[in-house]
Amino acid sequence: MALQGSMTFAAFTFFLLLTTLPHEPHASSRGSFGRNINPPVSGLCSSSVIVHGYECQEHEVTTNDGYILSVQRIPQGRGGKGSGSRTSKQPVIIQHGVLVDGVTWLLNSPEQDLPLILADNGFDVWIANSRGTRFSRRHISLDPSSPAFWNWSWDELVSYDLPAVFNYVFSQTEQKINYVGHSLGTLIALASFSEGTLVNQLNSAALLSPIAYLSHMNTALGVIAAKSFVGEVTTLFGLAEFNPKGLPVDAFLKSLCVYPGIDCYDLMTALTGKNCCLNSSTVDLFLMNEPQSTSTKNMVHLAQTVRRGVLTKFNYVRPDYNIMHYGEIFPPIYNLSNIPHDLPLFISYGGRDALSDARDVENLLDKLKFHDEDKLSVQFIEEYAHADYVMGFNAKDLVYNAVVSFFNHQVNT
């Protein structure tokens, strides 16, 4: 079945695992080092923040396994709004999902974009960009053209990327950190919290469209795609980089549309659920900027999460490979019950989300059933689907204001 209009297969891939959405360790995953650099002409600051009258700084952070990540800092609101002592302002790290980058938080007007709303409300905002995305395609020794550059899954985002960014922000601000994640940004956060790697630096976390569990993902296209990402996919493609704009990936995605019951004419609805509140101009701007590359191994790991219904480290399938990496036949489980019960959490999910299905979120909440009652805030929005949380024109009124209030409450308690 052919696609019509501007919703290309590149767009499809974004909505598939934003939507649904290793190489060997180098030393400890806790440290990081970085430096402030002049904003590049084509950087996120100049293209999406400074143009709206906000101060924005380009930073780079190097992970302990050598990836150089781009991070943007918005230290205050427009025209100095929300200013005051920078040493006392609460920092917020904002983490995007898979196959996109930090630009996705900045596609509406300034009054509707979460990073700018937080800055205007007195927070010190840091926008993260995961390894492999356009501003984070650098390494101290590896080139993106090398398969070794792409030998990682979301386990490495848990072990390296998040700790590096947290350590850097903490070193710059000397303040405990608030966190916002969407989609994959919630998965890697929950996995990190369960292992206790960030909680000493964390003040609170807001998780939007959480995808810790994906057993009830109810989009036929997403399910077929997940079943197609078998362990041999890397050999099949001959690819380490999963580039949605590349011809091999395009051919793979087209092949999915021949399955019965798969509607590739309305991809956004087919993959994310019926989003209620997206402006067509915002979607057009999104398509100009996304999707971004990730590793094929990361896609396989996400597909494992869908197929197996449990949250584990990457499964190498072969017992000897798992033993080599983990010392046991099966990959270790991320036990979300280990998340500290007194960690302030805000969770928001939608009734029309085909990826973060309400039943899967309820499974997550069951894992948190012993959480301190006054430390867990849960919001359900019946009409919201997956993309509404990042690009919805009314997300400020329905979600972002609640996030601001939640963060402010933690500061005052």
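Using the three backbone atoms N, Cα and C, a Cβ is placed for every residue, glycine included.
Annotated features in TrEMBL:
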{"type": "ACT_SITE", "residues": "SER183", "note": "active site, nucleophile"}
{"type": "ACT_SITE", "residues": "ASP353", "note": "active site, charge relay system"}
{"type": "ACT_SITE", "residues": "HIS386", "note": "active site, charge relay system"}
{"type": "DOMAIN", "residues": "50-108", "note": "domain 'Partial AB-hydrolase lipase'"}
{"type": "SIGNAL", "residues": "1-27", "note": "signal peptide"}
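Structural mapping of features recorded in TrEMBL.
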residue	record	CB count, 10 Å
SER183	active site, nucleophile	31
ASP353	active site, charge relay system	30
HIS386	active site, charge relay system	30
Inter-residue Cα distance where the pair is SER183 (active site, nucleophile) and ASP353 (active site, charge relay system), in Å: 11
Cα-Cα distance linking SER183 (active site, nucleophile) and HIS386 (active site, charge relay system), given in Å to the nearest integer: 8
Taken over the domain 'Partial AB-hydrolase lipase' (50-108), the model's mean pLDDT: 90
Residues of the domain 'Partial AB-hydrolase lipase' (50-108) by DSSP state, where helix covers H, G and I: 11 helix, 19 strand, 29 coil
